[in-house]
């Protein structure tokens, strides 16, 4: 007999044991909630710790295509020092979890961008940096320019500007960290 009056026959089946365990767990959690305790499941706690640790150790791979790449290099230099935020640039896509697309993406470079994105391990994030990467920019009407890298890869954060300042990219990285902590894995373009 359970405290809520439901009786479950004792049997050796796993389904019955799982049901009994779930009922007991729900009653236990409800008892703590009624007394004013903040209750969370262990798996939720582990997920939040993993998201927090993942946000503090972003390893971006640069995909510099034009003048925005110069501003991206400024953020890694001593004045802005991305290392203090746990951001370490990597040269290989297999070691990176963030791709920063900086500059004009041409039709000829689009397959290479997709190939590099596919080589990255999950979870992977993309930051689109600059007007050209966001929507074609100054060369929007050119026949050889892709009108936004989001047509090739899914983008998480858009950093506007022509070229965007190092502070803008730093703010975009901080926004990506907050997005990872919030845990919206399927939401793109925050």
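Cβ coordinates are placed from backbone N, Cα and C, and glycine is handled just like the others.
Feature list (source: Swiss-Prot):
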BINDING   67, 68, 132, 162  [4Fe-4S] cluster binding site
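Locations of recorded Swiss-Prot features on the structure.
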residue : record                        : DSSP (3 states)
67      : [4Fe-4S] cluster binding site : coil
132     : [4Fe-4S] cluster binding site : helix
162     : [4Fe-4S] cluster binding site : coil
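Of all the Cβ atoms in the protein chains shown, 29 others lie within 10 Å of the Cβ of residue 132 ([4Fe-4S] cluster binding site). Once Cβ contacts within 10 Å are tallied over all protein chains shown, the binding-site residues 67, 68, 162 are led by 68. Cβ proximity to the [4Fe-4S] cluster site centre (mean Cβ of 67, 68, 132, 162, cutoff 8 Å) flags the following additional same-chain residues: 66, 102, 103, 104, 129, 130, 131, 133, 137, 161, 163, 164.
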